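S.K.: My questions will all concern the structure given below.
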Amino acid sequence: MSANNGLQSLTLMSTVMGTVSYGVGLVPLSIALSRKHLSILSTLGTGLLIGTALGVVIPEGVEEIATSNSDRSSLSVRVGASVLTGFAFMLLIEEYFSSHAASLLPHHQVHGNTQGDTFQIDLEELEREQGISEPAIAGSRQPSTARHFGNDDASHRVFPLSLGLVVHALVDGYALGVSATADERSSALSLIVFLAIIVHKAPTALALTTSLLSRSLPVVECKRHLLVFSLATPVSAILSYLLCSLPFMNQRLGPGVPLLFSGGTFLYVATVLQHSADRVPDAPLSTGGISKVARSITLVVGMFFPLVVSQLIGHGH
């Protein structure tokens, strides 16, 4: 794939991703959603991230380094250091950005009713599944205990939450951007990463909007926060692609190191997910959650899907 074609494809995917993310985030402003469907989407997105990291991105990065580096003695060090750096980077983001939101937003329970479950996102559970540690739990579009803060104070109090999600979205964009630099395999690889990220971002966009509404933030302000979140990944993807395409960056790093770094960020998501799954009990079906069996099947399907797709469309193997 030529550089121009790679940039055009990436721009198209970035445009679609930003549009879908913004559109999905607008849904809580108008309609109620089922928690069950959100849980399925969130679990599938997490499985896709795990499968993309362990089955596609990291192996691809190892292959890139192995073919471009004649010094085999340093191969394991470069691979290990790159993955660990990406993992540590996400850990620092969680500690210094996302966790600040936990003390600002109240915790709400998910309630069911006989008419169907109103969409009240448990943002803490969602973000644990997406790899962001314990930001607050969002409420619904209905009034919540959060309203005592007042509208004037709401913008300041939701800023850390929005910042944490935006920074995470920037890392997603980096992963997409570097995946488009892997020479002739870039088309298939970036498509797989794109699919994983877009499914992963949908429930996060829903959670963000609902959380902002629960803080009595005006609808106009909610849309602004959502717009910044939606644009973060596309902008980061294009900038990362342009940066990694520079001759200096290619000569020093090649595509392998950035791929392994992004694989490390995805691997962090997988680790946090597995740890959270052991701690968080399954939501009963009466509250709109999915059963343990359904969650396990959805997760495993999502994990193997990127590997199967990569073989079907053939990315150089």
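Heads up, the Cβ atoms here are built off N, Cα and C, so glycines get one too.
Residues or ranges marked as transmembrane segment by TrEMBL: 12-33, 40-59, 79-97, 158-176, 188-214, 226-249, 255-273, 293-313.
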S.K.: Do the transmembrane segment (12-33) and the transmembrane segment (293-313) come together with 3 or more C-beta pairs under 8 Å, pairs six or more apart in sequence?
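M.R.: Checked: the transmembrane segment (12-33) vs the transmembrane segment (293-313), no contact.
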S.K.: Considering pairs 6 or more residues apart, do the transmembrane segment (226-249) and the transmembrane segment (188-214) have at least three CB pairs under 8 Å?
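M.R.: Contact confirmed: at least 3 Cβ pairs fall under 8 Å.
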S.K.: Checking distant contacts: for the transmembrane segment (293-313), what same-chain residues at least six beyond its ends satisfy Cβ-Cβ under 8 A?
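M.R.: Distal contacts: 39-40, 43-48, 50-52, 54-56, 188-189, 191-192, 195-196, 282.
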